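K.L.:
Residues annotated as transmembrane segment in TrEMBL: B:20-40, B:52-74, B:80-100, B:112-133, B:169-187, B:216-237, B:306-326.
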Amino acid sequence: MSSRVQDTPTSRLRGPLLFAAVALLILLTGLTSSWNAALSLLNMGLISAIMALGVNVQWGYAGLFNVGIMGFIALGGLGVVLTAMPPVPEAWAAGGGRVIAALALAAAVIATAVLLWKRMAKGRARGLAIAALLILGFFAFRAVFDPAVAAIEAVNPAATGYLGGLGLPVLFSWPVGGLLAAGAAWAIGKTALGLREDYLAIATLGISEIVIAMLKNEDWMTRGVKNVIGLPRPVPYEIDLQQSQWFVGQMQAIGADPVTASAITVKLAYAALFIVVLGIVLWGAELALKSPWGRMMRAIRDNEVAAEAMGKNVKGRHLEIFIIGSAIVGIAGAMMTTLDGQLTPSTYQPLRYTFLVWIMVILGGSGNNWGAVLGGLLVWFLWVQVEPIGGWLISALTSGLGQDHSITSALQERVAYTRLMTMGIVLLLVLRFSPRGLLPER
Amino acid sequence: MIDLLNALVALLNYVVIPATAYGAQLALGALGVTLVFGILRFSNFAHADVMAFGTMVVIGVTALFQSWGISFGILPTALLALPFGCLATIALVLGTDRVVYRFYRRVKAAPVMLMIVSIGVAFVMNGVVRMFVGTEDRTFSDGARFLISARDFKAATGLDEALSLKTTQAVTVVTAVIVVAALFWFLNRTRTGKSMRAYSDNEDLALLSGINPEHVVRVTWVIVAILATVAGTLYGLDKSFKPFTYFQILLPMFAAAIVGGFGSPLGAIVGGFTIAYAEILFTYAFKKVAGYVLPEALQPDGLAQLLSTDYKFAVSFAILVIVLLFRPNGLFGGKSA
């Protein structure tokens with residue numbers, strides 16, 4: 001990772017050519033199936049690119065191995081619900097204040113425990129005092145918290161049964177999602193950084209599972225598995241466009257079907273928003289990488305001992321970069337939930353979120369921001385298209401057997417699982433034969 | 001007095017027996033993780049999928065045996081199929097090592113690299129398992145369902161509370177004891193086992209004294225494959241087989257290995273039981289027990305459950321965090337590579 005690449009003309013052309021190839025793939029999808037599908041691919045690809053950028057900041061700049069990306073993505077999604085959904089006044093009246101009081105109590109107990117740990121002399125007295133405080137605090141918290149939750153969840157459970165959000169415009173939720181993810185990253189980083197690198201990996205794996213369990217179970221906050229649907233949108237609704245005289249007139253003037261055109265317009269609007277965010281993040285990431293701070297990060301990554309000997313605070317810098325990277329992932333998670341228009345906690349799967357993003361970073365080229373963007377777009381394309389391609393391959397291979405032969409149908413059923421295998425094989429091949437990725441770090 | 005006995009039986013039935021069975025499964029899983037870590041020096045994220053693969057083969061062979069009419073009396077037929085599952089899994093992991101991991105050993109890649117590689121391996125294995133058996137839930141235990149059934153126990157003792165012992169739970173504990181005893185005998189008494197421990201303690205010194213590293217690695221993989229297949233099969237027998245639940249026990253297994261000290265086999269066993277008991281104690285609703293023991297006035301209103309069962313990950317995670325904060329090398333002082 002540390003050796004520099006020669007700046008030959010081919011290596012300078014490589015990036016633009018690869019990006020052109022991905023653009024061509026998406027255009028081909030548009031031409032062969034539909035523009036709607038192509039734009040969906042592009043939108044999720046752009047979000048994936050931002051996620052990959054966040055992970056690249058952690059892994060590529062600092063060599064931190066985060067296996068909890070799914071959790072940070074989900075926290076971003078939570079940010080959308082908490083920011084953009086309208087508040088539920090009945091639920092707030094029923095138990096809102098009490099929930100806040102309970103959470104404040106929990107925070108106070110933990111803060112006191114930390115204070116005791118720092119102030120009291122080492123010994124058995126300290127351990128007992130902290131244990132007693134935490135146990136009492138836990139029961140006190142539950143005593144305040146449980147009735148409030150029951151009251152909130154009893155308020156019209158079929159439609160709300162939760163506190164709702166702040167009712168702010170949905171675009172505000174993107175930074176909020178980033179902040180939530182940053183908070184979680186701070187807590188994890190404080191615990192697991194500075195220890196062995198596997199510990200960070202396992203700790204992040206744990207926090208991501210807990211975040212998902214929380215989203216599924218804390219109905220007062222997220223409605224749990226009942227899902228929050230109908231999240232506000234930053235772009236117009238298709239149906240409003242179809243009813244707008246002006247829009248229909250414009251579309252008829254260029255000879256387009258207003259229904260299809262409205263769907264495409266909405267997707268284009270999303271794409272524009274996403275490109276703006278991607279641009280800002282990419283610009284910031286590049287600026288940081290080329291700054292003295294970025295050089296220090298890479299120096300720490302390449303030789304921690306030497307950097308420490310030069311007086312660099314390795315743990316502090318790692319904490320910084322871990323928080324920044326997680327915040328970027330959180331922003332992308334909020335954008336994804338906004339695009340979906342709903343928060344469905346049961347759809348968060350580690351293979352789909354955490355590990356797919358890893359493949360994006362490694363295939364794209366770890367340490368290279370443009371590589372992460374390329375990886376995000378390309379791997380998302382492959383992830384979506386492997387299934388139809390696999391299906392097509394199988395029908396081509398088994399065409400001699402006939403459509404209702406048992407082997408044909410057995411294979412067709414299993415196409416869905418080829419995705420995992422293809423992604424795993426891609427990852428292994430890249431790591432083995434081209435560990436620097438498509439666009440190597442320079 | 002009777003109340004106290006009832007409370008005790010309830011605790012045995014809902015906490016001690018399930019936690020012991022689960023602890024045995026976790027301990028076997030954590031042993032596999034810890035051995036890979038001790039000898040090959042990386043955290044193997046594919047371990048859960050190796051377990052799922054082994055279990056899948058066992059399920060296939062069990063179905064074959066059942067169709068031939070072979071059964072194992074009151075014990076599950078799967079135990080007869082276990083050796084075949086182990087053989088298939090040994091072939092799988094040795095093949096994986098040859099095709100994938102060996103290269104990184106040769107180039108002396110950083111442990112974090114091997115960790116990422118193991119994630120790729122996990123993807124492929126997971127895909128293979130899903131392709132063969134799909135994702136639906138499968139139960140494959142047969143034979144007698146209970147060793148002690150709730151009704152017999154009530155009739156025999158006259159207590160209100162019933163105690164039941166599933167065959168699979170007894171099989172789990174007995175098998176785990178046998179496997180662990182065999183493993184410790186192997187590590188402490190045989191030449192190969194001793195060379196494995198030497199290699200784990202100090203690689204350079206072991207190489208200087210003429211230990212063949214490739215041989216040590218091969219033996220390790222064989223043991224890990226057997227442990228994983230046994231752990232996976234026992235877990236599947238006790239609960240049911242679903243490919244992605246296996247990925248979910250990866251976290252408790254890692255937590256168990258870290259709590260005990262990464263690289264320490266004894267630590268993995270202690271860690272496995274610690275995590276299992278903690279998970280079940282924290283998520284068990286003590287209302288029933290309290291009903292027998294406490295006087296009327298002190299009865300809890302709710303379920304007296306510390307955490308909802310969905311937060312069992314949070315328990316293993318909390319233990320993990322406490323260990324990381326206060327004893328980063330684990331209870332039995334594992335290695336810090």
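Note that Cβ sites are derived from N, Cα and C of the backbone, with glycine treated the same way.
Please go over these features one by one and say how buried each is and what sits next to it.
P.N.:
Among residues of the same chain six or more beyond the transmembrane segment (B:112-133), those with a C-beta under 8 A of the stretch's C-beta atoms are 40-46, 48-50, 52-53, 56, 59-60, 92, 96, 100-101, 104, 241, 243, 247.
Tertiary neighbourhood of the transmembrane segment (B:169-187): same-chain residues 17-18, 20-21, 24-25, 27-28, 31, 75-76, 79, 147, 193-194, 196-197, 223, 226-227, 230, 234, 237-238, 265, 269, selected by CB-CB distance under 8 Å and a gap of 6+ residues from either end.
Sequence-distant contacts of the transmembrane segment (B:216-237) (same chain, six or more residues past either end, CB-CB distance under 8 Å): 21, 24-25, 28-29, 31-32, 35-36, 39-40, 47, 50-55, 57-59, 76, 78, 82, 85-86, 89-90, 92-94, 97, 105, 138, 140-141, 168, 171-172, 175-176, 179, 183, 186, 192, 195-196, 199, 206, 246, 249.
Under 8 Å from some Cβ of the transmembrane segment (B:306-326) lie the Cβ atoms of residues 248, 251-252, 254-256, 258-259, 274-275, 278-279, 281-283, all in the same chain and six or more residues away from its ends.
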K.L.:
Counting only residues 6 or more past its boundaries, what in the same chain has a CB within less than 8 Å of a CB in the transmembrane segment (B:52-74)?
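P.N.:
Hits for the transmembrane segment (B:52-74): 80-82, 84-86, 88-89, 92, 125-126, 128-129, 132-133, 138, 140, 142-144, 167, 225, 228-230, 232-233, 235-236, 241, 243, 246-247.
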